[in-house]
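Before any comments, here is the structure.
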Amino acid sequence: MAVRPGLWPVLLGIVLAAWLRGSGAQQSATVANPVPGANPDLLPHFLVEPEDVYIVKNKPVLLVCKAVPATQIFFKCNGEWVRQVDHVIERSTDSSSGLPTMEVRINVSRQQVEKVFGLEEYWCQCVAWSSSGTTKSQKAYIRIAYLRKNFEQEPLAKEVSLEQGIVLPCRPPEGIPPAEVEWLRNEDLVDPSLDPNVYITREHSLVVRQARLADTANYTCVAKNIVARRRSTSAAVIVYVNGGWSTWTEWSVCSASCGRGWQKRSRSCTNPAPLNGGAFCEGQNVQKTACATLCPVDGSWSSWSKWSACGLDCTHWRSRECSDPAPRNGGEECRGADLDTRNCTSDLCLHTASCPEDVALYIGLVAVAVCLFLLLLALGLIYCRKKEGLDSDVADSSILTSGFQPVSIKPSKADNPHLLTIQPDLSTTTTTYQGSLCSRQDGPSPKFQLSNGHLLSPLGSGRHTLHHSSPTSEAEDFVSRLSTQNYFRSLPRGTSNMAYGTFNFLGGRLMIPNTGISLLIPPDAIPRGKIYEIYLTLHKPEDVRLPLAGCQTLLSPVVSCGPPGVLLTRPVILAMDHCGEPSPDSWSLRLKKQSCEGSWEDVLHLGEESPSHLYYCQLEAGACYVFTEQLGRFALVGEALSVAATKRLRLLLFAPVACTSLEYNIRVYCLHDTHDALKEVVQLEKQLGGQLIQEPRVLHFKDSYHNLRLSIHDVPSSLWKSKLLVSYQEIPFYHIWNGTQQYLHCTFTLERINASTSDLACKVWVWQVEGDGQSFNINFNITKDTRFAELLALESEGGVPALVGPSAFKIPFLIRQKIIASLDPPCSRGADWRTLAQKLHLDSHLSFFASKPSPTAMILNLWEARHFPNGNLGQLAAAVAGLGQPDAGLFTVSEAEC
């Protein structure tokens, strides 16, 4: 086709412009479409360019561009222009140059990025315009961040010898951006900059150049990026030490003191001693060699020589020598004298007579001995007379100085019907008070002085006699009347997990020995005129269906007190152990009670108590004290609020007392750290013929869903062989955390190589995965070692399971009534029950105490429950005396006031 001549200049200009444009694009990637003749300095340049970003989960990302001078800025993503409505634009003027400035922002969502398929990545770029041309920014790539759950390669457990190299491989999960890797040793970060013996390779493997004993630990590979943090399975690394011989000792002395014998020398496998399952030393530890010792020759006397001529002193002599044979090679010297003399004139020689001075000396010694005897006899008579004077009655003695023994109250007049006689404890020295019993409801309130050293003044003008009591007819009649009441319910008898007794308004105490479980019945808790037979029972977990939901766990024994439905006018106090580590941030604790229909109900949420509640609980480190006016079946249940919630487990190691076979079993029990659980295991082991072989330990078990592992190590292979087929045993987490399974244990079976082997030395490890652990070093003779037997001697808890009346309380009745009457009324100076609660560290329960008719009685009842039978009355007396009541006349009691 022919072109008109006038069009050639136009076509030539278009081609020239295209060539210039291509040349400019090659020279600069950021400049495009310059205006012919424009100043290049006025082309847009970017102050802020978009950068590579990652989308985490579903959160959109923000891209920002800022250029000067710029009249327009638009984003282009994957070659397509972003809609104008999606741009957020800010215009301004540069303060230094006066040129127009523009800033543009857009959001990129996960859905936009996911629309791009194939190998192409999602990118965005800014294009800025000015009057001189356009400029393109750098490309920003937008990627979706993620981190897979499973590691491509996890570290494995290893056992290495000392100074051997360790390589723990780890390939982290696939992720964008690629995961960073760090290592944990027993939950502590491994920092190669602080430990030159450790480094991490580019492939993320952990390398220990030379293994040390301190490198025995659980190692965990941790991968993390901006999305998540992943942990591998922990790999247990055990650095063992093979045994090495020490140097030989010096040869011993020859076994025969005379003639042919033996010498020996020894060495021990302690350089180093085998550790963590390392091999025992090879070879003999004793060497023997023959020896010969010269026999000692004892000396013997030769024959006596002839007598010498008679001397001027009328004696002559003879001699002998120790030469037949002479002593040699350590033999004994001759015994006897080597020179013998005698009178040579017989009766013609004069004999020396005793001097008169010797006779006088003997007479003087006899006289001194007689005087000493008479003096000792006189001193003895004086001592006996003084002792008789000390046996007289003691008047006006303070009850505090008499030890607060149980009080036997006898009527002073036959026509007084309100006086009772309580049978005393015949095994102790008691104090008899002759007078009437002051009740808090009768007559004016007694008061006593607290500002001086003792707790109370002498009791009126009554007479106090210290003596050993014997049963009286009045006491026998009272007990018989209590036992013949016909309106109480009959109860089962003869079980070791039960206590029962008959009580009236004087109160008392029930205890199940060796369990930490007791029931305190304060005075006036039972209405006057009523007599109840009350029981206290410990239930086995398998006999009670206690529903536990979610993360709940049983922290205490299940205890019943009854009979249910009896009328009580004051709260009784039920005491029982628990195995929780109290922490308001880790536990939600609830007191559960079984209803008459058999269902369990939450009757108290600890920490949310109110004075109107029928129940109240004082929680301490190892025990809880429940105030209740309704008897029934109770249990303390905890619900974990975090993985820091901890239960105390007691670990006990038992083995047979007698071992007649080659096999020897070590039983490791993991039970609640409560007295009742210990009692059950001890009774079981007595039936099995077991003995304790190591001191018990306490392990803190966390709510981390990790199991409890048990393993045995360092068993001498030359003496014993372990029949365990795996490196460790496990008790599942839920078996322990549920708290309702008894006798949880693992058994390690060892086999003796020789039937004569009796010494056992090994280690038993018990630990929670990624948690607390304990190690037992066993060094035990299985035939005669009984050094741990005394640890099983359970402490007695006050003798009889039931105590009735004043003998059940540390504080005597009259002193108790005085304290109540003095501290119940409010005092402007603070000398009342509130200050007493603060001194006894019970001020967190002031609202509960204040809701009761007698707050002081509640405080004293709790003190009795916490401190019986070993409470320090001196400390209580000091706390009461420190309140500073000023009037000395307020605190005197006489028989007339009663």
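Indices start at 1 and increase along the chain as displayed.
Even glycines carry a Cβ here, placed using N, Cα and C.
The signal peptide annotation in Swiss-Prot covers 1-25.
Feature annotation from Swiss-Prot assigns domain 'Ig-like' to 44-141.
Look at Cys65 (disulfide bond): DSSP puts it in a strand. The disulfide bond annotation in Swiss-Prot covers Cys65-Cys126 (among others).
Annotation comment: Swiss-Prot describes Cys77-Cys124 (among others) as disulfide bond, evidence class similarity to another entry. Counting only same-chain residues at least 6 apart in sequence, those with a Cβ under 8 Å from the Cβ of Cys124 (disulfide bond) are Pro50, Leu63, Phe75, Lys76, Cys77, Asn78, Val82, Ile106, Val108, Lys139, Ala140, Ile142.
Positions annotated as N-linked glycosylation site by Swiss-Prot: Asn107 (among others). Annotation for Asn107 (N-linked glycosylation site): spatial neighbours Pro60, Val61, Leu62, Leu63, Asp86, criterion Cβ-Cβ under 8 Å with sequence separation of six or more.
Summarising the annotation, Swiss-Prot assigns disulfide bond to Cys170-Cys221 (among others) and lists similarity to another entry as the type of evidence. In the three-state DSSP scheme, Cys170 (disulfide bond) is classed as coil.
Counted within 10 Å of its Cβ, the other Cβ atoms near Asn218 (N-linked glycosylation site) come to 18, all protein chains included. Secondary structure at Asn218 (N-linked glycosylation site), as computed by DSSP, is strand. Positions annotated as N-linked glycosylation site by Swiss-Prot: Asn218 (among others).
Confidence over the domain 'TSP type-1 1' (242-296), given as mean pLDDT on the 0 to 100 scale, stands at 86. Annotated domain 'TSP type-1 1' per Swiss-Prot: 242-296, in sequence order.
Positions annotated as C-linked glycosylation site by Swiss-Prot: Trp245 (among others). Trp245 (C-linked glycosylation site) falls outside any helix or strand according to DSSP and counts as coil. Neighbours of Trp245 (C-linked glycosylation site), defined as other CB atoms within 10 A of its CB across all chains, total 15.
The C-linked glycosylation site annotation in Swiss-Prot covers Trp248 (among others) and is backed by similarity to another entry.
If you look up Swiss-Prot, you'll see Trp251 (among others) marked as C-linked glycosylation site, on the strength of similarity to another entry. Over all protein chains present, the Cβ of Trp251 (C-linked glycosylation site) has 13 other Cβ atoms lying within 10 Å.
Here Swiss-Prot flags Cys254-Cys291 (among others) as disulfide bond, drawing on similarity to another entry. The Cβ neighbour count for Cys254 (disulfide bond), using a 10 Å radius over every protein chain in view, is 18.
Taken from Swiss-Prot, the feature disulfide bond covers Cys258-Cys295 (among others). Mapped onto three states, the DSSP output places Cys258 (disulfide bond) in coil. Within 10 Å of the C-beta of Cys258 (disulfide bond) we count 14 further C-beta atoms, all protein chains included.
For Cys269-Cys281 (among others), the entry in Swiss-Prot reads disulfide bond, with the evidence type similarity to another entry. According to DSSP, Cys281 (disulfide bond) is assigned to coil rather than to any helix or strand. Taking the Cβ of Cys281 (disulfide bond) as reference, residues of its chain lying under 8 Å away and at least six apart in sequence are, in sequence order, Gly243, Gly244, Trp245, Cys269, Pro274.
Residues or ranges marked as C-linked glycosylation site in Swiss-Prot (evidence: similarity to another entry): Trp301 (among others). Of all Cβ atoms in the shown protein chains, 15 besides its own fall within 10 Å of the Cβ of Trp301 (C-linked glycosylation site).
The feature C-linked glycosylation site is assigned by Swiss-Prot to Trp304 (among others). Trp304 (C-linked glycosylation site) carries neither a helix nor a strand DSSP state and counts as coil.
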Cα within 10 Å of Cys334 (disulfide bond) - qualifying recorded positions among Cys126, Cys170, Trp248, Cys254, Trp301
Trp301
I need the CA-to-CA distance for Cys258 (disulfide bond) versus Cys65 (disulfide bond), whole Å please.
108
Entry from the disulfide-bonded residues list Cys126, Cys170 having the most other CB atoms no farther than 10 A
Cys126
Of the recorded positions Cys170, Trp301, Trp304, Asn343, within 10 Å of Cys322 (disulfide bond) (CA to CA), in sequence order, we find Trp301
Would you identify the secondary structure of Asn343 (N-linked glycosylation site) according to DSSP, in three states?
strand
Other C-beta atoms within 10 angstroms of the C-beta of Cys314 (disulfide bond) total 14
Applying a 10 Å Cβ distance cut-off over all chains shown, what neighbour count does Cys221 (disulfide bond) have?
27
Nearest by CA distance to Trp248 (C-linked glycosylation site): which of the disulfide-bonded residues is it, out of Cys221, Cys291, Cys295?
Cys291
